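Engineer: Please read through the structure below; I'll follow up with questions.
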Amino acid sequence: MKFLLFMFVGVVHLLPLASGKAIYGNGPSQRTFQEIKEEIAHYGDVAKSIINLTVYGKAQNRSYERLALLVDTVGPRLSGSKNLERAIEIMQQNLKGDGLENVHLEPVKIPHWERGEESAVMLEPRIHKMAILGLGSSIGTPPEGITAEVLVVTSFDELQRRGPDAEGKIVVYNQPYTNYSAAVQYRMEGAVEAAKVGALASLIRSVASFSIYSPHTGIQEYQKGVPKIPTACITVEDAEMMSRMASRGNRIVVQLKMGAKSYPDADSFNTVAEITGSKYPEQVVLVSGHLDSWDVGQGAMDDGGGAFISWEALSLIKDLGLRPKRTLRLVLWTAEEQGGVGSSQYYQLHKANSSNYSLVMESDLGTFLPSGLKFTGSDKARVIMEEVMSLLQPINITQVLKAGDGTDINFWIQDGVPGASLLDDLYKYFSFHHSHGDTMTVMDPKQMNVAAAVWAVVSYVVADLEEMLPRS
């Protein structure tokens, strides 16, 4: 019954697109959906060649090995750090050495924050040293630290109800984890909301799908007119323990010390490379990932994997001697973790040409075994993407789902450009996200091969179609 329903919905959805009416393109170049479908079907052999090269051939494991070399050599790549600067220099050399075209750096001013030494110790009801990670842009504590009683809450609503109890205390958030989007607001806004009710500092339960006593960092934002207070993430285990203690009526006292400090903005770069289009070089399909990371772990998963399968996509296409009609542009963003700073400045620099962008792609949710593609665009563009994804039937990755947005491509999507991202294992991703556990040990070379194949097939075919993806 489910199959019949799917078939019925699919037929209804495609009727106006496949009825023979010339609805794609403008003027005499208008084509029916059936004609475009037949055009895409002709890429079957090209798709198989890309898959064979990366999954089974001489390019297998290449993206993994390239990534391992960079992160083992450079380490984590915090915005404003020497490590990030070195990684950008290395990647520029790598892309030139790979024979890609128009390799260059585009200057960006980025935030520079350092965490310094940090610690948290529970003094009452017992002595317990707590693992913490200060949040990006947080201020530090005085040198002697902040020693105060704790108020544990599970939501902003509870904090508002108990506001008078928070004054002069450290607010601990033990918000439940249902999904990242719901929980991350406590990391982003927890300090501001705690400061509004007179708290001295805030400690937030790490935004993680799983924990082995691992704190997870990330960016947080202060609000104009609200006092700035120190803020850090603690482990799921410590947040839950203090919540249990509070429910028993225990008095909890914590000493927090943080040496965090912000510096003037630093100079950085977005890293760009291309395969120039053969027929419409001014038109662009963009593939991307971010090169910066947090200062813990290696930044292998977030977002080394996404950056390196994006590089690999161009490498595979070049290795096969392919040159699409449109320009394939690789951008490795800087300072994504500080709120998409590099991609924002790129958009400001290039937005006058947004009508020439056929598709923007971002990989920043893991490069494990993808189950499909998330896509944002018009209905006409979506059915085209469904046909493109059907070319990946040999590796059984054909789904097209909604919500293809991402921090670094949202500017373009809001401007009407279709956007795409990989659909991946989010439970695994948020187990290691922004933590000491984000290392090469998390990565799997065979899974990266498959992710790279998907990225290369989609980007090449869309770049080589006779027409750009239709917009709303």
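Just so you know, glycine gets a Cβ as well, placed from its N, Cα and C.
Note that the coordinates shown come from a computational prediction; the quantities given were computed from them, not determined experimentally.
Below, the features straight out of Swiss-Prot:
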ACT_SITE  Glu336  active site, nucleophile
BINDING   His290, Asp302, Asp364  Zn(2+) 1 binding site
BINDING   Asp302, Glu337, His434  Zn(2+) 2 binding site
CARBOHYD  Asn52  N-linked glycosylation site
CARBOHYD  Asn61  N-linked glycosylation site
CARBOHYD  Asn179  N-linked glycosylation site
CARBOHYD  Asn353  N-linked glycosylation site
CARBOHYD  Asn356  N-linked glycosylation site
CARBOHYD  Asn396  N-linked glycosylation site
SIGNAL    1-20  signal peptide
Engineer: Across all protein chains in the structure, which of the glycosylation sites Asn179, Asn356 has the highest Cβ count within 10 Å?
Structural biologist: Asn356
Engineer: Determine which residues of this chain, when Asp302, Glu337, His434 are set aside, have a Cβ within 8 Å of the centroid of the Zn(2+) 2 site's Cβ atoms, and list them as they appear in the sequence.
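Structural biologist: What remains near the Cβ centre is Thr217, Gly218, Ser293, Trp294, Gly299, Asp303, His433, Asp438.
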Engineer: Which ones, of the recorded positions His290, Asp302, Glu336, Asn356, Asn396, have a Cα no more than 10 Å from the Cα of His434 (Zn(2+) 2 binding site)?
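Structural biologist: Checking each Cα against His434 (Zn(2+) 2 binding site), the hits are Asp302.
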Engineer: Just checking the recorded positions Asn179, His290, Asp302, Asn356, Asn396: which sit within 10 A of Asn61 (N-linked glycosylation site), CA to CA?
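Structural biologist: None, since no candidate lies within 10 Å.
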Engineer: By CA distance, which of the recorded positions (Asn179, His290, Glu337, Asn356, Asp364) lies nearest to Asn52 (N-linked glycosylation site)?
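Structural biologist: Checked the recorded positions Asn179, His290, Glu337, Asn356, Asp364; minimum Cα distance to Asn52 (N-linked glycosylation site) goes to Asp364.
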Engineer: Write down the Cα-Cα distance for Asp364 (Zn(2+) 1 binding site) and Glu337 (Zn(2+) 2 binding site), rounded and given in Å.
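Structural biologist: The Cα atom of Glu337 (Zn(2+) 2 binding site) is 11 Å away from the Cα atom of Asp364 (Zn(2+) 1 binding site).
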Engineer: Which residues, in sequence order, are found in the same chain with Cβ within 8 Å of the centroid defined by the Cβ atoms of His290, Asp302, Asp364 at the Zn(2+) 1 site, excluding those residues themselves?
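Structural biologist: So the additional residues around the site are Gly289, Ser293, Asp303, Gly306, Ala307, Glu336, Glu337, Ser363, Thr407.
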Engineer: Could you check which of these recorded positions, Asn179, His290, Asn353, Asn356, Asn396, sit within 10 Å of the residue listed as 'active site, nucleophile', going Cα to Cα?
Structural biologist: His290
Engineer: For the recorded positions listed here (Asp302, Glu336, Glu337, Asp364), tell me which residue's CB has the most neighbouring CB atoms inside 10 Å.
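Structural biologist: Checking each of Asp302, Glu336, Glu337, Asp364, the winner is Glu336.
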Engineer: Of all the glycosylation sites given, namely Asn179, Asn353, Asn356, Asn396, which is spatially nearest to Asp364 (Zn(2+) 1 binding site) at the Cα level?
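Structural biologist: Out of the listed candidates, the nearest Cα belongs to Asn179.
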Engineer: Around the Cβ of Asn52 (N-linked glycosylation site), how many other Cβ atoms lie within 10 Å? Please give the count over every shown protein chain.
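Structural biologist: Other Cβ atoms within 10 Å of Asn52 (N-linked glycosylation site): 16.
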Engineer: Around the Cβ of Asn396 (N-linked glycosylation site), how many other Cβ atoms lie within 10 Å? Please give the count over every shown protein chain.
Structural biologist: 9
